[in-house]
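Engineer: A single structure is presented below for examination.
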Amino acid sequence: MIRAHLLQEPGNLAGVRHIVLVLSGKGGVGKSTISTELALALRHAGKKVGILDVDLCGPSIPRMLRVQGRAVHQGDSGWVPVFVDREQSISLMSVGFLLEQPDEAVVWRGPKKNALIKQFVSDVAWGQLDCLVVDTPPGTSDEHMAVVDALRPYSPLGALVVTTPQAVSVGDVRRELTFCRKVGLRVIGLVENMSGFVCPHCSECTNIFSRGGGEELARHAGVPFLGSVPLDPELTRSLEDGRDFIQDFPDSPAFPALSSIAQKILSQTPAGLS
């Protein structure tokens, strides 16, 4: 059960060096995929990473990391996140761990969602982390305001905004950039996901959707363009099976794109998170 009261313990994020929010104005663009692969890429760069999954109605990251069904325990300082690997280099907190059944729907009104988000920020004992990746729901709702307001005292590094190439997605993501400006959240950069399909047999790239919409939006909005991630069946399979894509598929066309995005984020931190 989720406790009715909130514990305000600012010390629980005291050991987190940098916080990155992953945002998108539209659902289905692969925001949780980018959050997961970013965390894995940072881990392979030698960093200790946490993932806070506040997509309360669609908590998919536990499955992507093959930790669904794990239990969250209460420690002396608050909730202890689930560790993904033996080395405890990636930790995860998600509402998915609090549901009695994996298919249970979270049918909550805004105030209850906002209260849980605030509790996730204040009451999860992350310990020492180089980076906390916050996977948010799509859109610009009360939940986003709750996340930004709760994290503001900890000076987040900024937002990573995800889009796909087609115009309908780019239009929604443009509104997400406006949201970031209105709430004073720095935009680290924009990522174009599902940017073409690279044939695993002949390596020819086919633009299933349109092309270059994310890069054009970044240019017009005056924000950094961090890169394009192609559609890749190996990436899809790794997420379905809970495998470490960064480790298992170094020859994939998506690998250099994801690694480059992680390095560009690291380069924006003081001393490159050394």
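Numbers here mean position along the shown chain, with the first residue as 1.
Backbone N, Cα and C define each Cβ position, glycine as well.
Feature annotation from TrEMBL assigns ATP binding site to GLY25, LYS26, GLY27, GLY28, VAL29, GLY30, LYS31, SER32. Taken from TrEMBL, the feature [4Fe-4S] cluster binding site covers CYS199, CYS202.
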Engineer: Can you give me the Cα-Cα distance between GLY25 (ATP binding site) and CYS199 ([4Fe-4S] cluster binding site) in Å, rounded to a whole number?
Structural biologist: 29
Engineer: Taking the centroid of the Cβ atoms of GLY25, LYS26, GLY27, GLY28, VAL29, GLY30, LYS31, SER32 as the ATP site, which other residues of that chain lie with their Cβ within 8 Å of it, listed in sequence order?
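Structural biologist: Going along the sequence, the neighbours come out as SER24, PRO138, VAL162, THR164, SER169, ASN193.
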Engineer: Can you tell me how far the Cα of GLY28 (ATP binding site) sits from the Cα of CYS202 ([4Fe-4S] cluster binding site), in Å?
Structural biologist: 28
Engineer: Among the binding-site residues VAL29, CYS199, CYS202, whose Cβ has the fewest other Cβ atoms within 10 Å?
Structural biologist: CYS202
Engineer: With the cut-off set at 10 Å between Cβ atoms, which of these binding-site residues ends up with the most neighbours? Options: GLY27, GLY28, GLY30.
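Structural biologist: Top count of Cβ atoms within 10 Å goes to GLY30.
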Engineer: Determine the Cβ neighbour count for SER32 (ATP binding site): the number of other Cβ atoms within 10 Å of its Cβ.
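Structural biologist: Counting Cβ neighbours of SER32 (ATP binding site) within 10 Å gives 24.
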Engineer: Please determine which of the binding-site residues listed here (LYS26, LYS31) has the lowest count of neighbouring CB atoms within 10 Å.
Structural biologist: LYS26
Engineer: What is the Cβ neighbour count of GLY25 (ATP binding site) at a 10 Å cut-off, with all protein chains included?
Structural biologist: 22
Engineer: Fill in the CA-CA distance, VAL29 (ATP binding site) to CYS199 ([4Fe-4S] cluster binding site), as an integer in Å.
Structural biologist: 20
Engineer: For CYS202 ([4Fe-4S] cluster binding site), identify the closest of the binding-site residues LYS26, GLY30, LYS31, judging by Cα separation.
Structural biologist: GLY30
